[in-house]
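K.L.:
Mind looking over this structure? Questions follow.
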């Protein structure tokens, strides 16, 4: 409980392996919308469209790539 990131690897530059907390200044440690410990800017495509669904895009507020609300 209380983990902010996966503390499996001490080599992760975003996560303190001893505390499982994000390092100072880091917003995220992993995810499709995380790049070099920072959230990717809003609107960047993180998952290409399939069929008639539009592309999924980063929100700028999270490391996760949200499912587009048009997905079935």
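For all residues, glycine too, the Cβ spot is worked out from N, Cα and C.
Swiss-Prot lists these features:
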| type | residues | note |
| --- | --- | --- |
| DISULFID | 5-20 | disulfide bond |
| DISULFID | 7-15 | disulfide bond |
| DISULFID | 14-37 | disulfide bond |
| DISULFID | 28-34 | disulfide bond |
| DISULFID | 33-58 | disulfide bond |
| DISULFID | 46-65 | disulfide bond |
| DOMAIN | 1-72 | domain 'Disintegrin' |
K.L.:
Looking at the disulfide-bonded residues 5, 7, 20, 46, whose Cα is closest in space to that of residue 28 (disulfide bond)?
P.N.:
5
K.L.:
To the nearest Å, how far is the Cα of residue 65 (disulfide bond) from the Cα of residue 58 (disulfide bond)?
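P.N.:
Just about 6 Å between their Cα atoms.
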K.L.:
Relative to the Cα of residue 34 (disulfide bond), which of the disulfide-bonded residues 5, 15, 58 have a Cα no more than 10 Å away?
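P.N.:
Neighbours among disulfide-bonded residues, in sequence order: 58.
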K.L.:
Would you mind sorting out which of 5, 7, 15, 20, 58 (the disulfide-bonded residues) have a C-alpha within 10 A of the one on residue 37 (disulfide bond)?
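P.N.:
Cα filter at 10 Å returns 15.
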K.L.:
Express the distance between the Cα positions of residue 14 (disulfide bond) and residue 20 (disulfide bond) as a whole number of Å.
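P.N.:
Between the alpha carbons of residue 14 (disulfide bond) and residue 20 (disulfide bond) there are 10 Å.
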K.L.:
Quick one: DSSP breakdown of the domain 'Disintegrin' (1-72) into helix, strand and coil?
P.N.:
0 helix, 13 strand, 59 coil
K.L.:
So if I measure Cβ to Cβ from residue 20 (disulfide bond) and keep only same-chain residues at least 6 apart in sequence, which ones fall under 8 Å?
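P.N.:
In sequence order, the residues whose Cβ lies under 8 Å from that of residue 20 (disulfide bond) (at least 6 apart) are 2, 3, 4, 5, 6, 7.
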K.L.:
Using a 10 Å cut-off on CB atoms, tell me which of the disulfide-bonded residues 5, 34, 65 is the least crowded.
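P.N.:
65, out of the disulfide-bonded residues 5, 34, 65, has the fewest neighbouring Cβ atoms within 10 Å.
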K.L.:
In Å, rounded, how far does the Cα of residue 46 (disulfide bond) sit from the Cα of residue 15 (disulfide bond)?
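P.N.:
Residue 46 (disulfide bond) and residue 15 (disulfide bond) have their Cα atoms 22 Å apart.
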K.L.:
Rounded to the nearest angstrom, how far is the Cα of residue 15 (disulfide bond) from the Cα of residue 58 (disulfide bond)?
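P.N.:
A Cα-Cα distance of 21 Å.
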